[in-house]
Amino acid sequence: MPPPRRAALGLLPLLLLLLLPPAPEAANKPTPCQRCRGLVDKFNQGMVDTAKKNFGGGNTAWEEKTLSKYEFSEIRLLEILEGLCEGSDFECNQMLEAQEEHLEAWWLQLKNEYPDLFEWFCVKTLKVCCLPGTYGPDCLECQGGSQRPCSGNGHCSGDGSRQGDGSCRCHVGYQGPLCADCMDGYFSSLRNETHSFCTACDESCKTCLGPTNRDCGECEVGWVLEEGACVDVDECVAETPPCSAAQFCKNVNGSYTCEECDSSCVGCTGEGPGNCKECIPGYARELGQCADVDECSLAEKACVRKNENCYNTPGSYVCVCPDGFEETEDACVPPAEADVTEESATQPPVHEDL
């Protein structure tokens, strides 16, 4: 008999949790190797900070004897250990508590035989790191060897850790399993048994054998081969304009841009009011460019009502009655005249006796 459907459904949330990407906190959490390296870096700094501590001149012979004793003493070790972790750094303190005996053994017995604390502690003892140029659980050599992984032109996956697969992630301009080959847009400027350098082609080249536009194997888009060199195509002189009627074309290397015409233009050939094909209503050509027409200064009045003021605006004008004047259909009436008009309108007509 098949299992109950409810039991199968109960596994679904667990499967979804397993498939979800790790939370940001988990993704940013230091690896064991990073924690170990951080602890070693702090230990080495502690050695620097405690060197010749509390000894300030005087009896040279006494200082040399005393310093010699202090240099390898447990007192100095304790001073270094006390400064390794902040009180709030739980992981650092936890690691220090677990590995304090190893650090003490190295300090008192093994320091002369293994002077590199990182190699002895993180690589050989805890086995959480690898030496530079090696990777993975067994600290295998990276592609291209441990001395120059990825030909010096890339990063070895897992380099220096117990992780990764040793493959190369090449720097910009390089490709291939060892990052020794040049990408399109780059050429080999130096190559021998140990080194490979790729240099960027001229911007006009998609592929090239040298640094100039005459060394192109193939021209980039927006460039064309003329007389043995890749030269820029001026798209702006094409028979069909690439920009809209309200824009002008601006050629740039390998391409073009469409820029907006000046607001005074109806069509244009370039930037500003001096390159208009025609002027918009309210503007006229003046000294070679489209300029605003001041309708208020024309011989023929723009504002025709009596007492009306004219104010020029960009491309137009407005007609306004002065302050205090009453606006009527055919005039701006002064206050006194307006009062007389109102009184006449409200006074009843006088009838003479016959």
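Cβ coordinates are placed from backbone N, Cα and C, and glycine is handled just like the others.
Heads up, TrEMBL stuff is auto-annotated, nobody curated it.
Between the stretches 55-74, 255-274, 335-354, TrEMBL puts its region 'Disordered' entry on 335-354.
TrEMBL names the disulfide partner of C170 among C179, C182 as C179.
Long-range Cβ neighbours of C170 (disulfide bond) (same chain, at least 6 residues apart, Cβ-Cβ under 8 Å): C150, N153, G154, G176, C179. The DSSP breakdown of the domain 'EGF-like' (138-180) into helical (H, G, I), extended (E, B) and coil residues amounts to 4 helix, 11 strand, 28 coil. Per-residue confidence over the domain 'EGF-like' (138-180) averages 95 (mean pLDDT, predicted model).
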